[in-house]
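Visitor: As listed in TrEMBL for this protein:
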- B:12-31: transmembrane segment (TRANSMEM)
- B:37-56: transmembrane segment (TRANSMEM)
- B:77-95: transmembrane segment (TRANSMEM)
- B:107-129: transmembrane segment (TRANSMEM)
- B:141-174: transmembrane segment (TRANSMEM)
- B:206-229: transmembrane segment (TRANSMEM)
- B:241-266: transmembrane segment (TRANSMEM)
- B:272-292: transmembrane segment (TRANSMEM)
Amino acid sequence: MRMITLSDIPARGGSPMTPAMALFMLALATAPFWLPAVGLYQYLGIEVAIWLIFALGFNLLFGYIGLHSFGHGAYLGIGAYAFGLFQQEIMVSLWGGLLAAILAASLAGAVVGAFLSHRRGIYYALMTIGFGQIVWFCAIKLHGVTGGEDGLLGIPRPDLVVGPIRYSLADNYSLYWFVAAILALVVVALWRLVNAPFGRVLQAIRQNETRARFVGYNVWLIKWLTFILSTAFAGLAGGLFSMAQEGAYPDVMSLHQSGLIVMMVLVGGGLVSFWGPVLGVILYFVARDIIGGVTETWLLWFGLMFVIMVITRPEGLAGLLHVVGARLRKKSAPGAVPVRKEA
Amino acid sequence: MIELIPHIVNGLTLGLLFALIALGFTLIVGVMEVINLAHGALFALGAYLAMTTIGGDWFGSSEFGVWWRELPLSTRYALGVVAGPLLAASVGMVLELCLRPTYGKPPLYGLLLTFGAALVIEELIRLIWGTGEQSLAVPRALNGAFFMGGLIFSTYKFFAAGFAIVAIGLVWLFLERTPYGATIKAGAHDSEMVRALGYDLSKLRLLVFGFGAALAALAGVVMAPIWGLRPHIGIDVIIPAFLIIVIGGVGSFWGAVLAALLVGLSVGITGAYAPAWSMLSMYLLLIAIVGFRSRGLLGRKSALEN
């Protein structure tokens, strides 16, 4: 069977109101009410929401334009440190800190992207590993700035200030609402972006870079901008992450973590669907908590699951759902061509 | 200048060891165009298996176990050096069987599959041998230090570097001077033609992967007394291996050796001035070289670029 890709699932320009979007928003809005009931906890919701921002931004680069970065944890880390340093050195401010996180990460992304954007394929992936390792290494060695391997500790959670309203984010419940609101904005913005002509250009570059250049697109510029955009989202996620953890630690920058985000996006089906990263991130965190509650070697089982997934269904969960859905629709349609059982 | 000599010697030995580490990696990349991210995990697995063989704990208190532990350490060490890579090679072959569905798909899938396999192997090591740091026993003849020109050098490091030179030479001879090597290289160049000539390509790939895994494990056995044994040592290993094939150029044997020596030298010499930052120099070397030569020093065109 031919593998399906993002381009096989038709884009729906215009209104972002689709069933999947409605389901997602519903889950996001009701999570605090049912999370404890199913045996999970509030902080998990925050963690998942933050990683969703990271993963969705990452998939712009990974799934849509097809550039495989294996060092993206670095920009999450830069965002986290920038947020922390802003709180500690300049002033305690939520918007200022988040802005600093986004700017720092996208600035780093702009510099690194300038080195990367005329490459593709394996050399692109290898260069991102190289740069990711440099950032991670500096975070560990620059004790004076980053606190070395211990990380930056005691980062405050600043109050949310909108005009005259001041709202404390100190407890996990209110922080969840804040992160969820940002995630909702990010999802709608990214949805519009990938279904706009820009998203089509990204996919054209993934399918055939040379041809996209012949059509007249400035491929280098678009690759560079996409990299910066994805690092900006990583920075935003990092800022929120340091707020949730009340600290910034170098381990999110390691190759291991950067590999895990690739794994999440791929298992969920980021190559196939906009919603792939969402499924992947949720699967990862739920697996971590549920399998991790049973056995300490949960990564063994998650790794095995991942290996089996790559062997049998490399399009990931979203691809699986798409294939199953397409088959069900065919079956129920009257007069449809009978579907072969195996395929 | 004279005070730099020990650092240069250190750098060169480190470079040879890096070359040994990268050898199996570059073989698999060059022949199969698979980035084997499990290379580091196989490196660790080989070292752990050799350690267990040398210690003989798994034979228990049976007659064989008692007899085994009474053998001289050098005999057990020699057997461990053989057994570790052989066992790791069989794990590598199983991995190749798992990889088969990914052939013909984008190289990303092979890379991801081996990343998952690396996680699994690392967790298995944790499960079997525990998370603590362990050490691999070395025969007394290889231990200790010696003086040369008023400077002190570790005997084992020299043994390891010599071992690396021999291994590099043997692999080169195997690839260049035997019919098997010719088939392997031909398989890398034009797999369809090789199949049309009646060679069993899937068996060839199985053997190449096994061979690459054995080389990874061999490097692990040799490096373990220097770096120590931790379950996550694989990640410390895969990075230099990666850098070396990129700097040297994907698929180039001598490119990898040259790159390994360069990386070793740069780490050794920067170690003289800023020990804490010496590992950073290899990333800077990567960016400096790949920034100017996109295919590395001696690389040729590869399907992995698309």
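Positions of Cβ are set from backbone N, Cα and C atoms, glycine also.
No curator has checked TrEMBL annotations; they are predicted automatically.
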Visitor: Among B:12-31, B:37-56, B:107-129, B:141-174, B:272-292, which stretch has the most Cβ pairs under 8 Å to the transmembrane segment (B:206-229)?
Guide: B:37-56
Visitor: Cβ under 8 Å, sequence separation of at least 6 from the ends of the transmembrane segment (B:141-174): give me the contacting residues as numbers and ranges.
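Guide: Result: 5-6, 9-10, 12-13, 16-17, 19-20, 23, 27, 74, 180-181, 215, 218, 222-223, 225-226, 253, 257.
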Visitor: Contact between the transmembrane segment (B:77-95) and the transmembrane segment (B:241-266) is defined here as three or more C-beta pairs under 8 Å separated by at least 6 residues; is that satisfied?
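Guide: Contact criterion not met.
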Visitor: Mind checking which residues of the chain, 6+ beyond the ends of the transmembrane segment (B:12-31), have their Cβ under 8 Å from one of its Cβ atoms?
Guide: 39, 42-43, 157-158, 160-161, 163-165, 167-168, 171, 184-185, 187-188, 205, 208-209, 211-216, 218-219, 222-223, 226, 237, 240-242, 244-245, 248, 250-253, 256-257, 259-265, 267-268, 304
Visitor: Any chance you could find the range in B:37-56, B:107-129, B:272-292 with the most Cβ pairs under 8 Å to the transmembrane segment (B:77-95)?
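Guide: The stretch with the most contacts is B:37-56.
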Visitor: Using a Cβ cut-off under 8 Å, which residues of the same chain at least 6 positions beyond either end of the transmembrane segment (B:272-292) come close to it?
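Guide: Distal contacts: 3-4, 7, 240, 243, 246-247, 262-263, 266.
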